[in-house]
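The Ca(2+) 1 binding site feature in Swiss-Prot is assigned to D101, N103, D105, R107, E112. What Swiss-Prot lists as Ca(2+) 2 binding site is D137, N139, D141, C143, E148, and the listing cites sequence analysis. Among the features that Swiss-Prot reports, Ca(2+) 3 binding site is placed at D187, N189, D191, Y193, E198. Residues or ranges marked as Ca(2+) 4 binding site by Swiss-Prot on the basis of sequence analysis: D225, D227, D229, R231, E236. The compositional bias 'Low complexity' annotation in Swiss-Prot covers 45-55. If you look up Swiss-Prot, you'll see 56-69 marked as compositional bias 'Pro residues'. What Swiss-Prot records for 88-123 is domain 'EF-hand 1'. According to Swiss-Prot, the domain 'EF-hand 2' annotation covers 124-159. Residues or ranges marked as domain 'EF-hand 3' in Swiss-Prot (evidence: sequence analysis): 174-209. Residues or ranges marked as domain 'EF-hand 4' by Swiss-Prot: 212-247. Look at Swiss-Prot and you will find 45-88 tagged as region 'Disordered'.
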Amino acid sequence: MSCQVPTVPASPVVKFPLLPRGLLSYLPANLSSILPVARGAASTCEASSTTTTTMPPEPPASPPPPKKMSPPGAGAGAGSKKKQQQQADAAELARVFELFDRNGDGRITREELEDSLGKLGIPVPADELAAVIARIDANGDGCVDVEEFGELYRSIMAGGDDSKDGRAKEEEEEEDGDMREAFRVFDANGDGYITVDELGAVLASLGLKQGRTAEECRRMIGQVDRDGDGRVDFHEFLQMMRGGGFAALG
């Protein structure tokens, strides 16, 4: 029995945990050289009990190219720009779907997905791929058709803002890690505070002109010591470093 593709309502948006966000947007146009398309071979969906060789249907037709952007001031509205973006996204979706649909039958099987991801350097266990397909396979035929693939694609692209927030958070965490390493350099005994003696020792080892005397180190610490305990904790150290570091206190 060959795979059937009944018309069904669009499946709910499902996050794809296996592909990095944005992967579909930066696949090169010449990816066909990496993923050769073997047209004409029959596919077998996991939900099928038997295999029947049929003529593959025509691959999804790409939508017309977006209209040329009007020059500034020519009256191109936000609606026109949005439509052009939608057309560009649809064209990209069709191109990427065709690359994964190795035999051009309008469906992506688990084997095709596994093989294509492997060639992209993203090996994924077969059982995980089967679970992913099951989550987005709205019609239950064991394959991913272009509509189901579109839901997957849109869920990835809709995460763009989240991705930016994620990158900003990663950068902040990376900066925090760097600052903690620097703090540990000053905090010689690891008690979570930088004392006058510890500050003087590090500044002397760095050959800086600041902090050559205990009184000078005490004055420098006093400029950033918010709680008045005569020491610098990590949060005080972080604020100071963002303001130029100990050298800015000289």
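From the backbone N, Cα and C atoms, a Cβ is placed for every residue, glycine too.
Restricting the average to the domain 'EF-hand 4' (212-247) gives a pLDDT of 84. Shown in sequence order, E198 are the residues of the chain, 6+ apart in sequence, with a C-beta less than 8 angstroms from the C-beta of N189 (Ca(2+) 3 binding site). If you look at the domain 'EF-hand 4' (212-247), the same-chain residues 6 or more away from its ends with a CB under 8 A from one of its CBs are 176, 179-180, 182-183, 186, 192-197, 199-200, 203-204. Rounded to a whole number, the distance between the Cα atoms of D101 (Ca(2+) 1 binding site) and D191 (Ca(2+) 3 binding site) is 59 Å. D225 (Ca(2+) 4 binding site) falls outside any helix or strand according to DSSP and counts as coil. On the backbone, the CA of D227 (Ca(2+) 4 binding site) and the CA of D105 (Ca(2+) 1 binding site) stand 70 Å apart.
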